[in-house]
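Here the structure comes first, spelled out in structure tokens, and everything after it is commentary.
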Amino acid sequence: VIDHPKYQESKRIAIFLSMPDEVQTEEIIKDIFKQGKECFIPRYKAQSNHMDMLKLSSAEDISSLALTSWNILQPSDDDSAREEALEGGGLDLIFMPGLGFDKKGNRLGRGKGYYDTYLERCMKHPRGKPYTIALAFREQICESVPVTENDVPIDEILYEDC
């Protein structure tokens, strides 16, 4: 990931805070700050498919975040001080989680459509859709995953030995 050309050229990067069963992102987040890039993380709105990407001030900032009922760390709903990526300069790159992926760029998420809805919003931003990279384990690569017309394909999937 760290040597990937898209990562190297990106200045504004959104990345998920990994759950135990996902590719761990902590070292990537530390590198984002080490390289002087801007880091944004998801804040999911419960009972909807709305997600914002809010700016972290440092890797240590993660320890100040609230734990949700889904056991995910994220900025609290009343945290209005953080920049939302699309209200500012947009994003260059989004690292995406998922349960399964196929080699055509289709992604099986957790079923709420948060990332697809967010990517639709990105397309309306003057900067346009950021490059998307899914972080996966080899075992998550499938022949095909179910898709609907609302699913936005990802640009690239990174996994071991890909």
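A Cβ is built for glycine as well, from the same backbone N, Cα and C atoms used for every other residue.
Residues or ranges marked as substrate binding site by TrEMBL: L17, E22. As annotated by TrEMBL, ATP binding site applies to R107, L108, G109, R110, G111, K112, G113, Y114, Y115.
Cβ neighbours within 10 Å of Y115 (ATP binding site), excluding its own Cβ and spanning all shown chains: 25.
Looking at R107 (ATP binding site) and E22 (substrate binding site), their Cα atoms lie 14 Å from each other. The two recorded residues G111 (ATP binding site) and L17 (substrate binding site) have their Cα atoms spaced 18 Å from each other. The most densely surrounded of the binding-site residues E22, R107, G109, G111, G113 is R107 (count of other Cβ atoms within 10 A of its Cβ). Here the C-alpha separation of E22 (substrate binding site) and G113 (ATP binding site) works out to 18 Å.
Same-chain neighbours of the ATP site beyond R107, L108, G109, R110, G111, K112, G113, Y114, Y115, judged by a C-beta within 8 angstroms of the site's C-beta center, are, in sequence order, G98, D116. In sequence order, T25, I29, I41, P42, I62, L65, I72, L73, Q74 are the residues near L17 (substrate binding site), counting only same-chain partners six or more apart with C-beta under 8 A.
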